[in-house]
Amino acid sequence: MKQYSVGNQHSNYRSLLFPFLCSQMTQLTASGNQTMVTEFLFSMFPHAHRGGLLFFIPLLLIYGFILTGNLIMFIVIQVGMALHTPLYFFISVLSFLEICYTTTTIPKMLSCLISEQKSISVAGCLLQMYFFHSLGITESCVLTAMAIDRYIAICNPLRYPTIMIPKLCIQLTVGSCFCGFLLVLPEIAWISTLPFCGSNQIHQIFCDFTPVLSLACTDTFLVVIVDAIHAAEIVASFLVIALSYIRIIIVILGMHSAEGHHKAFSTCAAHLAVFLLFFGSVAVMYLRFSATYSVFWDTAIAVTFVILAPFFNPIIYSLKNKDMKEAIGRLFHYQKRAGWAGK
């Protein structure tokens, strides 16, 4: 009976010890696998022979237009003395940000469309996320500064020249960059410390917080917290700009001169269109929380978010802007004359 009880105890020990050792081995294996994740794979891109080239050419043309249009806007404002005002200073900053903003994602998209290697290193992914969101937040801050500029110009025109001096414009721009590049830094630093396990496939066309965090060995509530932080940032900027424009519209409607109505509305219409375009695409992209879409619509929303505002901003600011059209015409006329003189 004693021998039987001892054997039974050994059997009990083994039944308790074996699962414990298995769990420890599983954790060690998982830990080893986590350290092996050195790159992420983009799973949303088609192969080159399955339609990748079909998407490559339109995206390349769109990227070329974004670079050319925003670069022309930036150069025209810098060289045109008549455009050296706070309004056009912020437009030139916005154009420069659009160039940098699209360059963080579109070149990698183009590479993935024609290459069989659709991967990005972990460090490269973190850098892409950092610059993409930093530039996006900076752009929203610049749009806020532009709304404040229009608010002062229309609601307090007599004090406008003494308030919106070049020094203040530079300070607002530097402050926008400071906020943009500082706010995202803690999140990127936190993500860089997370262990990644299991699949390394990112179900998106660029590195973004939610797709990357879904691959980490962490609780999903962290993803919800990050989403809530981003939503608060977006809503705060939106409210500041929206309230400014509501006040502007009230003041414009109170003007007695029809000419004053037309001039004020034409001045603010372009900025209001850019504001709605930017925050509309941001809202569709980030204020959906747990809502899910099909692969097609998810990709379409991401592409639209990346290219929509940068593509239309040069068109909006130059289409009905007399000063901008005249400045662009003078620039090209000067280039044409310089070319003839060179010949």
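Placed from the backbone N, Cα and C atoms, the Cβ positions cover glycine too.
Listed features, source Swiss-Prot:
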{"type": "TOPO_DOM", "residues": "1-53", "note": "topological domain 'Extracellular'"}
{"type": "CARBOHYD", "residues": "Asn33", "note": "N-linked glycosylation site"}
{"type": "TRANSMEM", "residues": "54-74", "note": "transmembrane segment"}
{"type": "TOPO_DOM", "residues": "75-82", "note": "topological domain 'Cytoplasmic'"}
{"type": "TRANSMEM", "residues": "83-103", "note": "transmembrane segment"}
{"type": "TOPO_DOM", "residues": "104-127", "note": "topological domain 'Extracellular'"}
{"type": "DISULFID", "residues": "Cys125-Cys217", "note": "disulfide bond"}
{"type": "TRANSMEM", "residues": "128-148", "note": "transmembrane segment"}
{"type": "TOPO_DOM", "residues": "149-167", "note": "topological domain 'Cytoplasmic'"}
{"type": "TRANSMEM", "residues": "168-188", "note": "transmembrane segment"}
{"type": "TOPO_DOM", "residues": "189-224", "note": "topological domain 'Extracellular'"}
{"type": "TRANSMEM", "residues": "225-244", "note": "transmembrane segment"}
{"type": "TOPO_DOM", "residues": "245-264", "note": "topological domain 'Cytoplasmic'"}
{"type": "TRANSMEM", "residues": "265-285", "note": "transmembrane segment"}
{"type": "TOPO_DOM", "residues": "286-298", "note": "topological domain 'Extracellular'"}
{"type": "TRANSMEM", "residues": "299-319", "note": "transmembrane segment"}
{"type": "TOPO_DOM", "residues": "320-343", "note": "topological domain 'Cytoplasmic'"}
Suppose I define contact as three or more CB-CB distances under 8 A, residues 6 or more apart in sequence; do the transmembrane segment (83-103) and the transmembrane segment (168-188) meet it?
yes
Sparsest-packed among the disulfide-bonded residues, when each Cβ's other Cβ atoms within 10 Å are tallied, from Cys125, Cys217:
Cys217
Which residues, given as numbers and ranges, are at least 6 beyond the ends of the topological domain 'Cytoplasmic' (245-264) yet have a Cβ under 8 Å from it?
147, 150-151, 154-155, 272, 275
Given the transmembrane segment (225-244), which of the listed stretches 54-74, 128-148, 168-188, 265-285, 299-319 has the most Cβ pairs that are under 8 Å apart from it?
128-148
Criterion met for the transmembrane segment (299-319) and the transmembrane segment (54-74) (at least three Cβ pairs under 8 Å):
yes
Integer mean pLDDT for the topological domain 'Cytoplasmic' (75-82):
89
Determine which residues of the chain contact the transmembrane segment (168-188) at the Cβ level, with the cut-off under 8 Å and only residues 6 or more beyond its ends counted.
86, 89-90, 93, 126, 129-130, 133-139, 141-142, 144-145, 148, 209, 226, 229, 233
Any idea what DSSP makes of Cys217 (disulfide bond), helix, strand or coil?
coil
